[in-house]
Amino acid sequence: MKDHFLVTGGARLEGAVKVDGAKNSVLKLMSASLLAEGTTVLHNCPEIADVPYMADVLRGLGCEVELEGPDVVIHTPAEISCDADIDAVRQFRASVCVLGPLTARCHRAVVALPGGDAIGSRPLDMHQSGLEKLGAHTRIEHGCVVAQADRLRGASVKLDFPSVGATENILTASVLAEGTTVLDNAAREPEIVDLCHMLQAMGAQITGEGSNTITVTGVERLHPVEHTVVGDRIVAGTWAYAAAMTRGDITVGGIDPAHLHLVLEKLKLVGAEVETYPTGFRVVQRERPTAVDYQTLPFPGFPTDLQPMALALCTVSEGMSVITENIFESRFRFVDEMTRLGADATIDGHHVVVRGVERLSSAPVWSSDIRAGAGLVLAGLYADGVTQVNDVFHIDRGYPGFVESLNALGATVKRVSVE
Ligand code: UD1
């Protein structure tokens, strides 16, 4: 079944919406449950397809997993398998996060290499070299990454780039290693901090989370815990842009606004009124937005995952914007779809020059990945007429209940299922 959305443009979105736990955190937390025998309970999990996919990966390793709405319950046995089921792992890229926990627990991990990605090539060299510093041998064999270690020993690891995935795998491998690991140029994303908080509650000795140097002193064993997943800053940021795009007024709950500090500062430059609360924020846009420039960078920089929404806003802002993508090489594929809607945008290497127009007009467009799809929906909310956004299975992977929330805020969006 290939669903599409019919997005009617022109409505001003108004009201309140609450975000669930972060997609980019829950999968890593589920994987961290492999580190401790017993029952792990995760609350505030988003109901997206990647959660049951990860449950299948964990089941293939010997765990029992129950999915109960926003709660995920994982029973990890004393002995787990080290071979992540190829079919289960191929379903989604984030499954590579089982590499660290499996190497730590079983001293051997075989994980199928995730395939290519619409947003660019996504190598694992930093994951591998980090695990090698800890004493593992790694190689690529028959389409899988294989890691093996008699024992893991703490080491000094300096990443070439603050990769989110490599930081996570090195962390989850080092918590049970002998001695101290110092991870330099580590990623600082809130999802990394969330993972560290869960590992600390499990008994891991970790300091420096949220800074670019994380220190881990290995312990003999960890115990299972109950943990609440951090709010999804990318979904929250998407709502912030939806408010600006539709000259609307949206209050977003379930999120620490500090996780979107730069995003909200950018929206103030655009002309939005922004109020923050302990667990949320409100964005009100009254006038035509002003064009601003963006460049994507690791946290606390502007998130690459919000670049398509920022670009959508630039297409209807007053003035010219230059958007620079520094994280993923092919993240501008959706720009041609934006031009079908009448956007004036020109790609030049890893920059896009956008000249704001007053009007977009509806057309059929195709999503190429989760965030590109959300960016196209935002453009459709502004465009005259009804925009058909195709291949929305991408959007469904990141936005639970998206259509229902949009309609509750005053939009007219219909999901159409075609057999
Ligand atoms: C995670 C997020 C993704 C987000 C990205 C950057 C998940 C499931 N996904 O992806 O939504 O856009 O962080 O914030 O959490 N790289 C290498 N070698 C490596 C590892 C990475 O060259 O070994 C490169 C990648 O190709 C990319 C850059 O580093 O160009 C950033 O990747 P990374 O931070 O690792 O992103 P992911 O963890 O894959």
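Keep in mind that glycine also has a Cβ here, set from the backbone N, Cα and C atoms.
Whatever TrEMBL says is automated annotation, not expert-curated.
Per TrEMBL, domain 'Enolpyruvate transferase' is recorded for 7-406.
The phosphoenolpyruvate binding site annotation in TrEMBL covers Lys23, Asn24. All protein chains considered, the CB of Asn24 (phosphoenolpyruvate binding site) has 24 other CB atoms within 10 Å.
Other C-beta atoms found within 10 angstroms of the C-beta of Ile327 (UDP-N-acetyl-alpha-D-glucosamine binding site) number 21, with every protein chain shown included. Annotation comment: TrEMBL describes Arg93, Asp305, Ile327 as UDP-N-acetyl-alpha-D-glucosamine binding site.
According to TrEMBL, the feature active site, proton donor maps to Asp117.
Annotation: Lys23 carries the greatest number of neighbouring Cβ atoms among the binding-site residues Lys23, Arg93 [cut-off 10 Å, Cβ to Cβ]. Listed binding-site residues: Lys23, Asn24, Asp305, Ile327. Those with a CB atom under 6 Å from ligand 1: Asn24, Asp305, Ile327. Binding of UDP-N-acetyl-alpha-D-glucosamine is attributed in the record to Arg93, Asp305, Ile327, and the widest Cα separation among these residues amounts to 16 Å.
The Cβ of Asp305 (UDP-N-acetyl-alpha-D-glucosamine binding site) lies under 8 Å from the Cβ of Ile234, Gly237, Arg371, each of these being in the same chain and 6 or more residues away along the sequence. Rounded to a whole value, the Cα-Cα separation of Arg93 (UDP-N-acetyl-alpha-D-glucosamine binding site) and Lys23 (phosphoenolpyruvate binding site) is 12 Å.
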